[in-house]
Amino acid sequence: MGNCCVAPSGSSSEKKKEKRKKPNPFAIDYGATKASGSGNKSTVLKDPTGDDISQQYNLGRELGRGEFGITYLAIDVETGEKYACKSISKKKLRTAVDIEDVRREVEIMKHLPKHPNVVSLKDTYEDDNAVHIVMELCEGGELFDRIVARGHYTERAAAAVMRTIVEVVQACHRQGVIHRDLKPENFLFANKKETAALKAIDFGLSIFFKPGERFTEIVGSPYYMAPEVLKRNYGPEIDVWSAGVILYILLCGVPPFWAETEQGVAQAIIRSVIDFKRDPWPKVSDNAKDLVKRMLDPDPNKRLTALEVLEHPWIQNAKKAPNVPLGETVKARLKQFSVIAEHLSVEEVAGIKEAFDKMDINRRGKINLEELRIGLQKIGHQIPDADLLILMQAADVDGDGTLNYGEFVAVSVHLRKMANDEHLHKAFAFFDLNQSGYIEIEELRDALRDEDDTNNEEVINAIMHDVDTDKDGRISYEEFASMMKAGTDWRKASRQYSRERFNSLSLKLMRDGSIHKTS
């Protein structure tokens, strides 16, 4: 999953749009003009292992998509060992900042000493079209997914996870590195065993620092961002804040600073008021709450360091932390928050909240089957009662016969997916002219041909390279749908938030008096 990179606007691309007589969903990725200094012949890495990855590795199935690259299974041709390879198309590195991010990510991974909880770098390759980063393969899944799948989730389990995360932070800080984007999605389990190590996998926004050095660039992901990041004056203390947000979520299932708009989230972060009243906080130990408060101190000078977190009694006595289940509510919230964060921007969540409030006629914070049916009809969803009942029962996590807001979000995401699938089938049929069930390269050429009968072979080859994941020379519906749905995984969209949305948001916060230029 990852972002679709929209082509920069310009007279040449606009003329091309006017010429094109057929819709082209691929153009969003490949029809972009090149930014100066980021053409596909430029050099990104300082000292790659080589320029031909195929001499050492066979690239297999797709494992995931990020903002700039696709991660493939890579198999060493000599040993048969499996690795993960992140292949980053140079065409998507549109600015000097993008190139520097990739270059710095590799340099930091090389710089960090081997650590049991940090994914290790194996090799790097660079050719004319892409950068390939070969690293340790983690096949155990994401942190929240494993918590939700476990039958028994306790404070003790949360303490063990937090110890690991903060040990990674401490290791980075000792080596003069600020991570800058700590969040649950950036940690994967090495394998599916119960004893598998949890590993940090993404250093794309990390940066080298010297003692006392301050930074101003707004980076990170909204829910995990420290107040001083928004104030554009920060150092390594921001990593402890982000870890504190993760700890809060681990213990109660929702982020501590939540609102219906990006500006609202930012203002909540600036205010830094922590809610310890809602369930399950009354039954969480005082030691755990004390650590959360100290990690989420809005004053970075008073906030605990990574070492001090590891020395805190709750972490020191992690094996003695309460082993009482935190309850199904926390697990359900974690699952719902994961769904929201993966599929929806903060603004889209606000739209769903508005729809929920309209359906919740009695203002109970819940809607029943009839309210759901009437509400969906009003916004154009005609769903048979039998199907609606099945949908309601599947989403009703707590089994009380109604949907709370979190459960309603899951329904909304499901309905949006159904609508998207219908449109995808129509779009696929447009390209699959001979109705073979595959888009062949000739069909792609025909569909993308301009009115003057020219087509861009480089663009077509790039599409086939990225979309034809099983490398059979044609595009199946599943491959087409995967490409079209790649869209934006909002959990991984740190750069989009950081460099586009939150820069303007920071100015808004200054104007309304929420923050000042220095703090």
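Here the Cβ of each residue, glycine as well, is placed from N, Cα and C on the backbone.
Its Cβ taken as reference, K86 (ATP binding site) is surrounded by 26 other Cβ atoms within 10 Å in the chains shown. Positions annotated as ATP binding site by TrEMBL: K86.
The feature domain 'Protein kinase' is assigned by TrEMBL to 57-315.
Under the heading domain 'EF-hand', TrEMBL lists 347-382 (among others).
Under the heading domain 'EF-hand', TrEMBL lists 383-418 (among others). For the domain 'EF-hand' (383-418), the model gives a mean pLDDT of 68.
Summarising the annotation, TrEMBL assigns domain 'EF-hand' to 419-454 (among others).
The domain 'EF-hand' annotation in TrEMBL covers 455-490 (among others).
Positions annotated as region 'Disordered' by TrEMBL: 1-49.
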According to DSSP, does K86 (ATP binding site) sit in a helix, a strand, or coil? strand
